[in-house]
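A.B. asks: Could you have a look at this structure, given as structure tokens, before my questions?
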């Protein structure tokens, strides 16, 4: 079938030759893909990879899948076929996919050395995102959503009401990343929040915070295009490049108590955002890291947490409940459909996905949020 | 009256000339001190001070008190006089003192520039330990417990059942520090805990963890005398000096899941304990700093928290509820009286407090936990 696939380090291109997925386990579902967004981690695989993908000439350590494999893990689509034990969805249903794989998927991969092994501690305790075997559909475990079809077990399938357009549904995955983060931060309705960075994850964090009833949201961002983007979502924007070392003090002063924010979310992952995420909090405030950091450490003073009993944590990935809750929040209007649409800055066919998707994002990072690709199964591109 | 007092930087000595406290506000209570423990922070005032104490020639910024002032903030005693509005205790009651001062005390200090000012945000929200005006009895705010008598408002007085000996009661204050820390860490009964360091605070943390029903407690300590001390409390001791860079891996392996601890408590405050406090945790584990750190930062990798959604926090001081709960825990046997007694390694009169208390602790840090001083009001030293 047609797909935009990862062939080897530094080589991602369109192909007609990815094998069409088949149902091999009774609980699997085949989806005709509608839309699939390009994620920062897709670009990372190209620029700094392989990270999640198998090394050239190797198979995936978990599923034993071999390259080439279609990329793409932020997908929506329509169910095209279901295995005999599938109860969650039926053919024709609109769905999104929880792209994380975990112990719950080992039974699908008879060639895996972990086939049918006992679930790890994290999975046993319901933290599948922290699974020892964590991986992602479209990032090497199995072929992903920049393709005509995808096969996943029903455990990872979330039905989407037909009132939610399928392009908006493709945003459920990045929204689930930030929904998970805001949830594990312990966010309480009516609290204030500072978002550091207005890239795709920062903007998704804003949508979730609006959806969870934040009393005040300030986003700190220096890039003009992103500042505009954040303003369109109706939040207050602070540009630290205009205030230098006074930024933290000014940020704290923007809150009702003038003492800082209840919660902060680092969606940038650089030393200055790390420091701000802690110091712009009020006492007992919580700083949550959502950014992916490199190995270089940042200087940290334990008393910056201790003296005001602040809390620091970090969030990684999501669980299937996050998807269900995001779908519900979009459906009931807590997350505004119009806000979601603001995040879609481009739509392309998978045939053009490399040049007009990946390349465009690498060349014009700041003027884009989400570019969605489609195999055009249902005339998505008209 | 007689007292061991702080006169100026580097000068702490016994005196007969500290003014006897008087009741000046209707809700104040005068206590005849029984016992008062010497704390690490008392030594700090001498070695690196003034920290909490007023600078030479100045008055305390909060209470306007002038030097000399009696030191000592870990006290027990017997009520000797009560103001007309005191309802919480009566003359003859055994009590301990929550030594922290906060907005709740401003009404007691007519000479303070903050006299009768509005409570700060932290106090309004019940976090008096994070009060803008935080200070301590016996550390400069008002004269402390290395003296015949102390005066404090009833808000800070906690009655102690007479079944608890007054020497054990003098440990309620340091136990409240660690009770507060274990509480804010969110500790759940049946969880596992790692304590880093078996000094006075580490040992008090062990007592609290035993009292709160930890399923497993391991303490990491390198000093022989402290290792012995911890063993007497019936916990497992790990000596990292024997295992070098394998220590974290071995520590994790000591837990039931072999995956690390649910909670860790840093009672040492050095780079290696900081790192261990995070890395020896299982996924979603919580590291709590109780140590007081200097300004030198430690290197920190945000992914060490993020990849397993760990939590890092810190605890400072206590609130009056912590004292009430510790008294209850000792009274009902959750914290064993015998364990408490193990922590008392010396008893001296205040007259000898400098040489046989402060000096002894500075010269033989590791063979001591708590040295209690007494004004011998009730024949405590026979």
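Every residue gets a Cβ built from N, Cα and C, even glycine.
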A.B. asks: From the set A:63, A:176, A:191, A:315, which residue is assigned the annotation phosphoserine by Swiss-Prot?
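C.D. replies: Residue annotated phosphoserine in Swiss-Prot: A:63.
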A.B. asks: The Zn(2+) 1 site in Swiss-Prot includes A:73, A:173. Which of A:39, A:103, A:108, A:204 is also listed there?
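C.D. replies: The one candidate that Swiss-Prot places in that Zn(2+) 1 site: A:39.
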A.B. asks: CA-CA, which of the recorded positions A:39, A:63, A:73, A:173 lies nearest residue A:123 (Zn(2+) 2 binding site)?
C.D. replies: A:63
A.B. asks: In which DSSP state, out of helix, strand and coil, do we find residue A:103 (Zn(2+) 2 binding site)?
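C.D. replies: Where residue A:103 (Zn(2+) 2 binding site) sits, the three-state DSSP reduction gives helix.
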A.B. asks: Long-range neighbours only, meaning 6 or more apart in sequence with Cβ under 8 Å: which ones does residue A:63 (phosphoserine) have?
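C.D. replies: Once residues fewer than 6 apart are set aside, residue A:63 (phosphoserine) is near A:101, A:105, A:108, A:109, A:111, A:112, A:135, A:141, A:142.
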A.B. asks: Under a criterion of Cβ-Cβ distance under 8 Å and sequence separation of at least 6, what residues of the same chain contact residue A:39 (Zn(2+) 1 binding site)?
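C.D. replies: Residue A:39 (Zn(2+) 1 binding site) has long-range Cβ partners A:73, A:74, A:174, A:200.
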A.B. asks: By Cβ count within 10 Å, point out the most packed of the binding-site residues listed: A:103, A:120, A:123, A:131.
C.D. replies: A:131
A.B. asks: With DSSP assignments reduced to helix, strand and coil, which class does residue A:131 (Zn(2+) 2 binding site) get?
C.D. replies: coil
A.B. asks: Tell me which residues of the chain lie with their Cβ under 8 angstroms from that of residue A:173 (Zn(2+) 1 binding site), as long as they are six or more apart in sequence?
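C.D. replies: A:37, A:73, A:74, A:75, A:96, A:97, A:98, A:99, A:323 - these are the non-local Cβ neighbours of residue A:173 (Zn(2+) 1 binding site), listed in sequence order.
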